[in-house]
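What follows is a short report on a single structure.
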Amino acid sequence: MQSLARLSRTSLVQKGLVPQTIKNYSSVSQAEIDNEPRFLECFKTFFDKAAGLTNLKPGVLNNMKECNVALRVEFPIKNEHGDVDIIAGYRAQHSHHRLPCKGGIRFSEEVDLQEVMALASLMTYKCAVVDVPFGGAKGGVRIDPKKYTVAQREKITRAYTLLLCQKNFIGPGVDVPAPDMGTGEQEMAWIRDTYQAFNTNDVDSMACVTGKPISSGGIRGRTEATGLGVFYGIREFLSYEEVLKKTGLTPGIKGKSIVIQGFGNVGYFAAKFFEQAGAKVIAVAEHNGAVYNADGLNIDALNKYKLQHGTFIDFPGATNIVDSVKALEIPCDILIPAALEKQIHIGNVADIQAKLIGEAANGPMTPRADQILLNRGHVIIPDLLLNAGGVTVSYFEWLKNLSHVRFGRLNKKWEESSKKLLLEFVESTVNKKLSEAERSLIIHGADEIDIVRSGLEDTMQNACAETRKTANEKNTDYRSAALYNAIMKIKAVYESSGNVFS
């Protein structure tokens with residue numbers, strides 16, 4: 001089995017993976033890399049750049065930029081050794097211009113207050129970009145979930161939820177969490193159950209959290225929503241003439257080479273949808289290794305291998321990349337960072353070879369790296385636009401919970417009956433009968449997942465078109481254009497509410 005351990009520039013050139021003409025940034029010191037701003041400051045830098053395109057007063061912009069309120073809590077949990085761990089939890093609500101606030105909860109040892117404030121800020125503008133009527137929020141619990149048993153994770157989740165209830169930081173009309181890194185359907189079900197236990201008279205209590213299992217009031221299509229939104233967004237941008245001209249790519253997904261960093265919920269489903277559309281996913285990276293195959297990886301086989309072995313290393317037919325971050329530097333048509341923030345920075349930006357970068361993760365690029373790539377002519381589809389599929393479908397789930405009926409239940413059969421009558425009329429008119437398979441395809445009424453995916457596709461297309469229009473009108477990059485649109489939408493809410501801004 002080949003190994004590209006550390007993937008030095010020399011070895012990359014020798015293997016033909018990196019052109020020799022790319023400028024060498026090996027002189028960048030570790031101190032300079034470490035000196036890049038923290039996540040919250042990165043977001044504020046991007047915000048300030050977009051704010052410069054507006055004519056709003058500094059005080060108005062500062063109010064929009066700063067986080068409204070943040071909560072830090074601590075609570076004890078007995079571990080498997082009988083000792084007591086003190087667990088830190090956080091929840092930040094960036095903006096109350098619309099309620100409820102919305103944002104995920106992550107379980108990670110890296111969670112701190114500035115991170116959740118940054119993510120909450122990003123959520124406000126992400127919601128505005130895709131016209132989801134929420135303010136931004138984010139939460140986290142500072143643990144490594146792999147170090148705790150299922151029973152202990154349940155205790156931690158319920159204790160954290162109880163504190164959110166006590167502080168009025170959760171509720172269908174107040175603040176609605178969702179899954180994030182280290183959490184999933186099960187944690188959301190525990191949150192829903194805990195909230196309902198303390199709010200027995202709230203008929204809409206099911207809407208206190210999204211990303212739940214179907215049996216607990218979830219919605220079909222939520223699990224893959226972010227990855228599918230990434231697919232829809234990149235597909236849309238690959239139909240824009242100016243993007244094709246700048247990147248030298250051809251229209252559509254088929255035949256494109258793709259590198260994905262991160263193989264969690266977002267990365268896996270993004271990879272699946274691109275593979276189904278005819279793209280070649282040539283490399284996939286996780287924290288403990290990456291694999292590369294120029295002819296494309298089999299995503300289902302790769303996922304099965306990872307579940308069995310806990311790593312991609314030694315996946316049959318692929319080349320190992322031990323230092324997984326180096327996978328970002330492999331030449332490809334499309335690079336999709338779908339892992340953590342600040343993965344593309346001053347230390348590795350010179351080696352990024354992708355023509356188009358789609359930010360499936362939150363904040364995967366620092367401002368300096370962003371500007372360098374823009375100057376070099378790369379196309380960057382920003383996180384607040386591209387990974388908004390999750391919050392879009394969370395919005396649909398919230399609406400479902402408030403209406404107390406699944407999408408499609410009231411109209412599916414009526415649609416099928418109407419289509420059947422129309423089809424029979426057409427068949428009798430043209431004197432031709434369709435096959436049963438053709439009839440079933442045409443007559444089929446929309447199920448919940450059909451409605452969800454249709455709504456997500458329409459949302460992503462509209463948001464991409466709005467971003468493109470502003471970028472062309474303002475002669476700016478897509479991140480600044482998306483943020484500009486969000487800022488102006490939030491300003492309109494404040495003005496129509498009779499706020500002092502007006």
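Using N, Cα and C of the backbone, Cβ positions are placed for all residues, glycine too.
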Return the residue out of SER324, SER394, SER403 that Swiss-Prot annotates for the same substrate site as LYS102, LYS126.
SER394
Can you give me the residues near the recorded substrate site, meaning same chain, not LYS102, LYS126, SER394 themselves, Cβ no more than 8 Å from the center of the site's Cβ atoms?
GLY103, MET123, CYS127, VAL132, PHE134, GLY136, ALA178, ALA388, GLY390, VAL391, THR392, TYR395
Should LYS102 (substrate binding site) be counted as helix, strand, or coil on the basis of DSSP?
strand
Looking only at C-alpha atoms, tell me how far SER394 (substrate binding site) is from LYS138 (active site), rounded to the nearest Å.
14
Would you find the one among the recorded positions HIS97, ARG98, LYS102, LYS126, LYS138 whose Cβ has the most company, meaning other Cβ atoms within 10 Å?
LYS138
Work through the binding-site residues one by one (HIS96, HIS97, LYS102, LYS126, ASP131) and name whichever has its CA nearest to the CA of LYS138 (active site).
LYS102
